[in-house]
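Database features (TrEMBL):
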type     : residues  : note
REGION   : B:1-25    : region 'Disordered'
COMPBIAS : B:15-25   : compositional bias 'Low complexity'
TRANSMEM : B:41-61   : transmembrane segment
TRANSMEM : B:67-86   : transmembrane segment
TRANSMEM : B:93-115  : transmembrane segment
TRANSMEM : B:127-149 : transmembrane segment
TRANSMEM : B:161-179 : transmembrane segment
TRANSMEM : B:199-223 : transmembrane segment
TRANSMEM : B:252-275 : transmembrane segment
TRANSMEM : B:287-313 : transmembrane segment
TRANSMEM : B:320-341 : transmembrane segment
Amino acid sequence: MRKRWTPALAVALPVVLAACGGSAPPGATGSDEGGGTGDTIVIGSLHPLSGAAAADGQQMDNGAQLAVDAINEAGGIESLGGAQLELASADTQGAPEVGQSEAQRLIQEGAVALVGTYQSAVSQNVAATAERNQVPFVIDVSSADEILQQGYTYTFRLQPSAEVLGQRGAEYLAQVSEAAGAPAQTVAVLHEQGPFGTAITESFRAQAEQLGMTVGEVITYDAANVSDFTTQITTVQESGADVLMVAGYYRDGVLVANAVQTVGPELDAVYGVANGAFDTPQFPGEVGAAGEGVFDANYRLDITNPETQELAELYEQTHGDQMRTAAVLSHEAVRVVADALERAGDTDPAALRDAIAETQLESLMAQSGPIAFTETGENENATPILMQVLDGNVRQVYPEEYAETPPVYPAPPGL
Amino acid sequence: MTRPTTAHGAPAEDGGAVTAADPATDTPVAATGGRAWWRGAVGRTALVLLLAVLAVALAYWRSGSGVVVSQAVVTGILIGGVYGLVAMGLTLIFGVLDIVNFAHGAFLAVALYVTVEMTGRFGVHPYLALLVAVPVMFLLGAAVQRGILSFSIGQPLENQLLITLGLALLIDNLLLLVFGPNPRSVALPGDSGVEILGAVATVSRLLAFGVALVLAALLYLLLQRTRLGTAIRAVAANDTGAQLVGIDTRRIYMLTFAIGTACAGAAGVLVSPLVTIEPTTGELFNIIAFVVVVLGGMGNVVGALVGGLLIGLTEQLGALYLPGQSPLLAVFVVFVLVLFLRPQGLFGSKA
């Protein structure tokens, strides 16, 4: 009797590992009827509505829905006789294979374009599916550089790539620390070991070294399993670095901030690059004093823009929650598709693709110009800005044109 | 755990205290092989100490900093206590009911949300949530066993396994539905860093570790010194035999599952200040808890605690030896080694 668990466990471990990803039957959500003909035009929205990234995924789906509602209220697509938009939402569960099959389903049900998906691995699969079916795909969030290095012609990306994020992150650090008279010299890096953390770290390191900083200790970790960072932070403390750069997700970001407070290393700054925790509205509340002074260089909704403020208010009224940046990107992705439909005057995917490629659209994000796509499909004006947690709030601090308040540097932990 | 077999990596210091997983074979061996047993125990203790010294020396050589190594050891022990705490309820269910309970992490998540609600709504101290979470989880466990799992007794093991897996998905998604996807947190009042041997640890981790020890002791006493515990061990050893001597096995199954789930409830309250609370948080502990259970020997609560400590230390020191690898890599290397040398687990008895 005691031996029976061995085969059972052998069966069960792969099952449970798989269950972390895909489990619910596909097609639980979505549109009833095919679109693209008649008076409604269907746009497919692919986001992780359940699973570990559900908080962002649901925000993004809400953001896309708000864009659809706003466009419909304003009279729909005028060049198509006031055709109404309809959002067909699908749950990728954060799993690449589910994302792929859901993308295929939405296309078969008549979606003229897809927006999504948050996880780079999922976006990669959806991009391949979109290309095969020749349906435009506008990526709201997904940083991996490779997605747009496959020569795809139907895929476009709104958020800045990992390369841009890392480069600008290093530049802002150099500029802010120099302006404060305490130039950053030795930077220790703590990054999650997946493609996201690695790509950000590589471009950050290259740019930082070019700007005369030394990148010393580089520590990687597994974001899925890590439960404590005190050992890693002690290693950073012993290495004598004056800045700690962190690239990771929400849960691990919280653990890092707590460990920094516990260990208390002598740092000038804890500096996130595209960090999934440090610039979220939830972060200061969760970690309290440990979050004070923490920087993050990341793409960001531009809260100094009155239109963005309006959207944030609407979001809070509709969903009773603070809007995250990811929701704005999904909102923009739908607007890009709607704007292209308007200019193309046609729901034919090929015509739509050409129209998207010529987009010139004002953005609600902090970026250096309107949304416009390069040859490869990157948003050429996308850029990160620098944020800092000050008095329990995430504030835009640099570059000056987006700054709500000047940065505080040095910002040693436990400020 | 009854014979002084060949040397292996088992921490043998408290071997004497935990031999009694199978009372029937305990007495004769203790009577006949007392001296040989002691020699074996001393030998194993020496071996374990040697291995520990080697591990620390290697860590020092790799990192070149005493502070880092002592921090890794302190963190490893404290994390290990948490792993042991989570695994204790699971090992009981695993050992007695022979159920691979994948819903254990989900039960823990329920307790996390009970704590969030208690502290958020009523502003009570997080640890007071124990008074609610433990009884609630006990009842939930009893209901799940009696209402769902009892029907699959005697059927292929895969049935129970899939039921618990389905239950885990159900609970995860119910939590998502009710509490939404936003991360929550619980703050322990007066939680700050404390210095131990040049390393630092937070009060919440020390307390979780302390309670893990207390809980292990309580469970051990329950199993060894009470009639209920004797009945549970009897059912674990041979359920038909237990039935023949008049033990109501259905009741024992239900109570054991309920006690195991109540342990998940206690663990949930204690880890609540240490983690970000999301509907999927429980999954984090599932894999590690299974490793700990098998490593420590199924059904053995002290084994779960020692297994937890071993895994915690392996994870932290392993990260120093092999920087840039998943901590699970070192954990599974140790896991495979232990199973190779001692397939029944560190404290498991041979079936």
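Along the chain as shown, the residues are counted starting at 1.
Using the three backbone atoms N, Cα and C, a Cβ is placed for every residue, glycine included.
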Recorded stretch, among B:41-61, B:67-86, B:161-179, B:252-275, maximising Cβ pairs under 8 Å relative to the transmembrane segment (B:93-115): B:252-275
Stretch-level contact, the transmembrane segment (B:199-223) and the transmembrane segment (B:41-61), CB cutoff 8 A, at least 3 pairs: no
Recorded stretches the transmembrane segment (B:67-86) and the transmembrane segment (B:127-149) touching, at least 3 CB pairs under 8 Å: no
Intrachain neighbours beyond the transmembrane segment (B:287-313), with Cβ under 8 angstroms and 6 or more residues off its ends: 1, 11, 14, 17-18, 21, 55, 73, 75-88, 90-92, 94-96, 100, 104-105, 212-213, 216, 219-220, 223, 236, 328, 331-332, 334-335, 338-339, 344-349
